[in-house]
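Read the structure below first, then the notes.
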Amino acid sequence: MTILFLTMVISYFGCMKAAPMKEANVRGQGSLAYPGVRTHGTLESVNGPKAGSRGLTSLADTFEHVIEELLDEDQKVRPSEENNKDADLYTSRVMLSSQVPLEPPLLFLLEEYKNYLDAANMSMRVRRHSDPTRRGELSVCDSISEWVTAADKKTAVDMSGGTVTVLEKVPVSKGQLKQYFYETKCNPMGYTKEGCRGIDKRHWNSQCRTTQSYVRALTMDSKKRIGWRFIRIDTSCVCTLTIKRGR
C-alpha cells in the first residue's frame, strides 16, 4: 500500500512546487533535492546487495516524512470553515496537463494516506471494526468521479451568475496545456437513482442530487475578456429529504 501510494505521489512532484521539508538524516552520498534520492546508479550498486532493502525502507520513510509535511502545510493554509463561508473555493480539483491525469488530485491521495496512517496505529481488532466494508457501511448516494476537459464542459457559471466559456488550453512558456477538472456527481446507473439508500420511504421522499463548488479556471466572458475566474463544477452527490404529507 505504501509503495503504491509513493509511486502515485512521485508522478505529481513534477507538477507542483516542493513543500518545505525538515532535514532528514539519511545515510549515503550524493543526495540532492530530496534526502535519500540518488541521481545515478542503484541502491544495490552503491552500497552492495543488502543496501537495497535498507535504501528502499529509508526512501519510504523519507516520502512519508514529505507527505506528513504536506499535510501539516495543508492544515495551516486551509481556511477555517467556521470563519469562512466560502471554504469550498479552495478545493483542488483543477489540473493543467498535456494528457489525462491517471490519479485523483494529490490532496485526495493525501487524505487517503492520512486515513491509512491513522489505521496503521490501531490494533488489529480495532482496525477490523473501523473498516467500513467490514461493518457493512454503504454510501447514502452512489457517486462517480472523473477528469473532464473544457471540451466536455464548454461553458460554466461564474461567481456573478454569468455564463462564461471555459478555455480548453492554457498558454505556458513551452506551449499549451489542457485544463482538467475533477468532477464528482451522482451515478445515473447506480442503485440510488430512485432514492437515497437507507431512507424509510413510508415517511420520506428522498433524492440523490449533484451539488457544486467553485474552482478557479481560465475562462472568457461574453465581452471576449480572458481571465482566471471562479466557476462552478460538480463536486459531490448528496441526499435531499422531504417529509411525506397527508399520511
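Cβ from N, Cα, C; glycine included.
Here Swiss-Prot flags 1-18 as signal peptide, drawing on sequence analysis.
Marked as N-linked glycosylation site by Swiss-Prot: Asn121.
For the recorded site, Cys208 (disulfide bond), the DSSP three-state label reads strand. Here Swiss-Prot flags Cys141-Cys208 (among others) as disulfide bond.
Residues or ranges marked as disulfide bond by Swiss-Prot on the basis of similarity to another entry: Cys186-Cys237 (among others). Taking the Cβ of Cys186 (disulfide bond) as centre and 10 Å as the limit, one finds 21 other Cβ atoms among all the protein chains shown.
Sequence-distant neighbours of Cys196 (disulfide bond) (same chain, 6+ apart, CB under 8 A from its CB) are Val140, Cys141, Ser206, Gln207, Cys208, Cys239, Leu241. If you look up Swiss-Prot, you'll see Cys196-Cys239 (among others) marked as disulfide bond.
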